[in-house]
Amino acid sequence: MEKTEGRNHWEEQEAANREKIMMPCTCAGLHEESASRSEERMAMLTKLDICAKRKLPKRIIVMRHGESQGNLDMSAYTTTPDYRIPLTSHGAEQARNAGRHIRRVLSSGCEQDNWKVYFYVSPYERTRSTLREIGRAFERKRIIGVREECRIREQDFGNFQVEERMKAIKQTRERFGRFFFRFPEGESAADVFDRVASFMESFWRDIDMKRLEQDDHSETNLVIVSHGLTSRVFLMKWFKWTVDQFEMLNNFGNCEFRVMQLGPGGEYSLAIHHTKEELEQWGLTPEMIVDQQWRASADRSSWNEVCPFYLNSFFDGFKDSSEDDDNVDVDGEL
């Protein structure tokens, strides 16, 4: 039902936009549009055509790998490269349970039983092994495909990691700030943000080119099997969270996942599948939760008055909107 409502909403909005774009110029003395105006209209029509043809996934699920040997024993990183750290037996069991749970999520509310799933996976051993165990819960006909994606790999902490040295470095990170602190010979969360942003550009091209669907009638879902920090950065980029908001987020547990579900207005939200209490446990502030609740039902044209906290994060002392600009401080003068 949500899918149908969302499609109708966008069709109506696109029709209205087309009507505005195609409206003839009525300015006195002008009998034909300028070349620049025509080009502008053609560009807008092309953009609308792409949006009209774009079929969005019903859900995007972001998850962390199962328990690894490094989670159990930090000394494992001293002798084994990070990308080769394997799952523990408990981690494999976590992944199998997560696979069954994800399958239930994808099949719920799909009246025609036509749901399918596409996987993205980090190239690290522990994420690949997690995906293999998850796959046991799915029939072959349900899986559209899988892609190993280097840009959603773990944050690089350097090469071989000496346990005592890493403890001291992580203490320094807490004082410096998690997002901008760069590990020696490694990355900062800001570096991870940049490659995740690049991944998202490719992700949208995949959707526009219909690489993630087999037919027009199936309900597509995406599952991204990644790492704790990378998953948080993905959500930060998607929902446009600030650095301060990112710093307050709690890490994912092993094989824990977040479900971003498409609302009837065309926005993805964590608040459709998850409860307010869960969002609070993950570290979302009241303002971030309000944003998720808005996204669950509203369309993109209704933004601002309901959730003005992005403005309030940068500006204070706004004058009342009913007042004019006569008393606004310009160049230090009133």
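Glycine residues also receive a Cβ, built from the backbone N, Cα and C atoms like all the rest.
Keep in mind that TrEMBL annotations are predicted by a computer and have not been checked by a curator.
The substrate binding site annotation in TrEMBL covers Arg64, His65, Gly66, Glu67, Ser68, Gln69, Gly70, Asn71, Arg126. According to TrEMBL, the feature active site, tele-phosphohistidine intermediate maps to His65. The active site, proton donor/acceptor annotation in TrEMBL covers Glu154.
Looking at Arg64, His65, Arg126, the recorded positions in this record, the fewest other C-beta atoms within 10 angstroms of the C-beta turn up around Arg64.
Largest Cα to Cα distance within the recorded substrate binders Arg64, His65, Gly66, Glu67, Ser68, Gln69, Gly70, Asn71, Arg126: about 15 Å as a whole number. Mapped onto three states, the DSSP output places Gly66 (substrate binding site) in coil. Distance noted between the C-alpha atoms of Arg64 (substrate binding site) and Glu154 (active site, proton donor/acceptor) is 10 Å. Within 8 Å of the Cβ centroid of the substrate site, not counting the listed residues Arg64, His65, Gly66, Glu67, Ser68, Gln69, Gly70, Asn71, Arg126, the chain contributes Leu72, Ile85, Leu87, Thr88, Gly91, Thr130, Asn254. Calculated from their C-alpha atoms, the gap between Glu154 (active site, proton donor/acceptor) and Ser68 (substrate binding site) amounts to 13 Å.
Around the Cβ of Gly70 (substrate binding site), the number of neighbouring Cβ atoms within 10 Å comes to 18. In this structure the C-alpha atoms belonging to Arg126 (substrate binding site) and His65 (active site, tele-phosphohistidine intermediate) are separated by 6 Å. Annotation for the recorded positions Gly66, Glu154: lowest Cβ count within 10 Å of the residue's own Cβ, Glu154. Under 8 Å, Cβ to Cβ, and six or more positions away along its own chain, Ser68 (substrate binding site) finds Ile85, Pro86, Leu87, Thr88, Gly91, Arg126, Asn254. According to DSSP, Arg126 (substrate binding site) is assigned to a helical segment.
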